[in-house]
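**Student:** What TrEMBL shows for this protein is this:
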| type | residues | note |
| --- | --- | --- |
| SIGNAL | 1-29 | signal peptide |
| TRANSMEM | 278-301 | transmembrane segment |
| TRANSMEM | 343-369 | transmembrane segment |
| TRANSMEM | 375-394 | transmembrane segment |
| TRANSMEM | 415-436 | transmembrane segment |
| TRANSMEM | 448-471 | transmembrane segment |
| TRANSMEM | 499-526 | transmembrane segment |
| TRANSMEM | 532-559 | transmembrane segment |
| TRANSMEM | 571-589 | transmembrane segment |
| TRANSMEM | 601-631 | transmembrane segment |
Amino acid sequence: MGEKMVELMIRTLCTMVMLVLIKMPPANGFYLPGVAPRDFEKGETLEVKVNKLTSTKTQLPYDYYFLSYCKPPKIRNSAENLGEVLRGDRIENSVYSFHMREQQSCKVACRVELDSVSAKNFKEKIDDDYRVNLILDNLPVAVLWLSRDEKPAVYEHGFRVGFKAKFSGMKDRRYFIFNHLNFKVKYHQDPDTDTALVVGFEVTPLSMKHKYMTWVDNNTQLTTCKHGTETVLQPGIVPQEIESDTEIVFTYDVSFESSDIKWASRWDTYLLMNDDQIHWFSIINSLIIVLFLSGMVAMIMMKILYRDIANYNQLDQDQVHEESGWKLVHADVFRPPNNYSLLCVYVGTGVQVFGMTFVTMIFALLGFLSPSNRGGLMTVMVFLWVIMGLLAGYSSGHLHKMLKGKDWKKTSLKTAFMVPSVLFTTFFMLNALIWGEKSSGAVPFGTMFVIVLLWFGISVPLVFLGSYLGFKTPAKEDPVKTNKIPRPIPLQPWYINPLFAMLFGGILPYGAVFIELFFILTSVWLNQFYYIFGFLFIVFVILLITCAEISIVLCYFQLCNEDYRWWWRSYLTSGASALYLFLYCIFYFCVKLEITKLVSAILYFGYMFIIAYVFFILTGTIGFCACFWFVRKIYSSVKIE
């Protein structure tokens, strides 16, 4: 029966892979989105694309054309990968069109008559500090802020929809829109071919109430700006106010500037890092914790354990019974714990999370997941999660066999559905809230169906296949035999209390990563680019070592006090670091974010719950695997008669 099931799963997977390969378009060569340079000849058209409207106050992205901006005759959506859709990106064409190295000034885009609904939408987006995001040759538009001191200039991603101010003669503050854009395109020219590469895209937004004598669709002459002259704010020009039944004329200038910036370095200005010293401080702080724990583990392993093992091996069996310590529980230390099936599920899922995280970081270190590859990080993580279902099934199935379990199919079913169901249900509920706000961040039904298809069509069969292979793999015998009757556990000292062990064991792994956690949260919730994967990988390795060492230390103390219930304790000890992570997220919400809407707060804590839950599974699995190796190692080193 089992062989037929495996054969059926393999056939199903092969069929799905063949269908995917058949549907894939033919490719002429290796190409990574955002990586291949494109040469533009003089006069060649440069198309500006629009992306979502974003706000750090609401965390709810909206489609660019949600507001009454100028629309092209036909709106075309650019091809988006899975990661872009999940991030809420909606990349579309726009009315802004340039010609390479050809200056344009006072270019009229369109005029718009605001009704009450349009005016209200603009005002709400200004109150919520929304920003407009444009893209040229895969470069996001940015506002350049020059510093008065010697610090380098800073790029601010996107530009504001408008502003609220009070000018002379006004009784209260009013809303004004940035309806004129001064674009600057930086290019790097090839002296041999006279072609150029786009290496920078800047904008200076202005608000000005345009005036004209007669409106001509393609050739309107404005009196507030002139062709051939850069548009600047001049005395007598008033800003464009947002009111119902008001006409707004949208215009733009385009200038080109030659630059020495190489194409490969064009993202450096966007990713300028002024806080590298803080990252090094984070690394040093984490290394101190690791060295401290490594010293404790070395002391236990080299001095105490070797001495204990040597003494135990020299003693007679009668003398051993008079001794106290970790050897006394040898007949119970490998007794299967309560709810061992659930433990197998969480360990298997933890291996899946670890595999996904590790491979993702390798791809990121190699440069495949740079910010220029928009949506690449999210796409890779989703597909790796699906593929790593094979490891999840194998780990849970093999551990289930080592614990003398029989019903591996039930454990496999739990592994395939338990944790993914929690994550998907939470994500679905949050997506429903976003949908209710009419935000472009809501994942469309088609994309949701694709995610479910990946889950049920690929991940679940891989989990069952892995469980079958793991259960069929011969399990290593325990170093010592287990008695049928459990040994009584003596009264434990206060520092062995599970709650204290969790609180103490969780704070050290958290302390190794909390500084880097600040930068990760900033990139996620404050629309900043995160690209320092080298630092992140070092911190990740330190986290693995810290979780393993603190779990081993506390497990040793527990066994020395003749408490053999180490299975779940080892998982929860290092996994408790997720509690500190979530508490820090609450602190970050109160101190750093300006979220005021209830829906936005629910979204924040919902997504942070998902992250903390996955972090708990990852760190708990690391701690368990380390203790599992440690316990088998020490009990295989003593003679048991």
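Heads up, the Cβ atoms here are built off N, Cα and C, so glycines get one too.
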**Student:** Does the transmembrane segment (571-589) come near the transmembrane segment (499-526), with 3+ Cβ pairs under 8 Å (pairs 6 or more apart)?
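**Tutor:** Output yes: the transmembrane segment (571-589) sits against the transmembrane segment (499-526).
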**Student:** Return yes if the transmembrane segment (601-631) and the transmembrane segment (415-436) have at least 3 CB pairs under 8 Å (sequence gap of 6 or more), otherwise no.
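**Tutor:** By the criterion, they touch.
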**Student:** Any residues 6+ beyond the ends of the transmembrane segment (499-526) with a Cβ under 8 Å from its own?
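**Tutor:** Distant Cβ neighbours of the transmembrane segment (499-526) are 56, 59, 275, 278-279, 281-282, 285-286, 289-290, 293, 532, 535-536, 539, 542-543, 546-547, 550-551, 554, 558, 569, 572-581, 584-585, 588, 592-593, 604, 619, 623.
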